[in-house]
């Protein structure tokens, strides 16, 4: 009888893959379906050959693949060059907007992969994927195991009539999808769940809010999933170093909901800090449609930058709408919160725009755009090429001299503007869809059409891109063969 590993090896060969020294398989548009459908668990990295992050990941991905192929069952690691012509359709199908993007496929399902959210070093990759290769829900048979389960920050126990029930199958599917947020276990002994839970039934144990919550609905995949997604976020989440809180905050910001945020120095013995927490709890109970988050300003400088705040603005309360508009009250006190939220819900607040101060001298070849000057420069009636960048982005730094030359080439052309905007220090209008850096867009002066630039980041190609949109480069401008940074999408944020 062939072993599981032996069968897997035959499957890979039958998919047109040649076994070699590389443990990572090379996927293409033609062999991708076979790889996914003939292996139980596959992690696929979509990369671009020019991407610095991808180059750093490559040796770690290979080391991890050598370990994981010996796993029981094996975890197959794949790499796909997303910018190659044969693979672009595949990358588009799975929403690859930055590199590297890693998708996880289980059970041969081509339609619903999950996102990889783990580390990028070999040991971390192995630990993260190994944990997901095994069953998401553990069967328990004793009261001691239930007590151990309750020690988790959030744990779900399912009670079922038999190990072959359709409800248990649905429960396991949900467990696999939600294993990052909860610990899962199941049993066929109803007495282990305590009074009030009968088969089929589910009870949630939490270290936050109510310690025990019984699920009242039918145990179907969609209904249970929806209930757990609501339960995963505490009534008032807190941005700190605790793993569960980090998961809750990430989940909160991944959901299309408006959020109330209180930012203050969260010292345990501080009266104002306690008053803010009390006010947030009260607000959360009154406004169930709004998610609530507390941020300790002394430990989260990046959060202040994200909201366009400084230490002198704290304490602050704000609402971030699901349309991504921000409404901010600086130097707030706890009693301000209730009135502020009520004004937001009544539509009486004006959004706050995060913007840098515009430069005093903006006469250079590349115009500096801020949120407050965006309409003035970008919607001026000129054809505009604008780069959205981040100061810390390596590719953005490499682009600076090239982009400056492009600006000089069009400096005498009164119908063309070459511009740049720090997208980390300014709010960017949502329609420009900045999901990575650098992002380069062309805005037509004729009708305002917005086009994305995905070509080579060279002076010649950037000028030609503008030229093709009806704004010819001056003939006296010199051509320059700058370094080819590659094609395809921008690096991930």
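Each Cβ is built from the backbone N, Cα and C atoms, and glycine gets one as well.
The annotation signal peptide is assigned in TrEMBL to 1-20.
Residue counts for the domain 'Thioredoxin' (13-134) under DSSP, split into helix (H, G, I), strand (E, B) and coil, are 46 helix, 24 strand, 52 coil. Residues annotated as domain 'Thioredoxin' in TrEMBL: 13-134 (among others).
According to TrEMBL, the disulfide bond annotation covers 51-54 (among others).
Summarising the annotation, TrEMBL assigns domain 'Thioredoxin' to 344-471 (among others).
Taken from TrEMBL, the feature disulfide bond covers 393-396 (among others). For residue 396 (disulfide bond), other Cβ atoms within 10 Å of its Cβ number 22. According to its DSSP assignment, residue 396 (disulfide bond) is helical.
Annotation comment: TrEMBL describes 465-493 as region 'Disordered'.
According to TrEMBL, the compositional bias 'Acidic residues' annotation covers 477-486.
Cα spacing between residue 393 (disulfide bond) and residue 51 (disulfide bond): 12 Å, rounded to the nearest whole number. When the domain 'Thioredoxin' (344-471) is classified with DSSP, helix, strand and coil residues number 39 helix, 27 strand, 62 coil. Minimal Cβ crowding within 10 Å, among the disulfide-bonded residues 51, 54, 393, is found at 393. In this structure the alpha carbons, written CA, of residue 54 (disulfide bond) and residue 396 (disulfide bond) are 16 Å apart. Counting only the Cα atoms, the space from residue 396 (disulfide bond) to residue 51 (disulfide bond) is about 12 angstrom.
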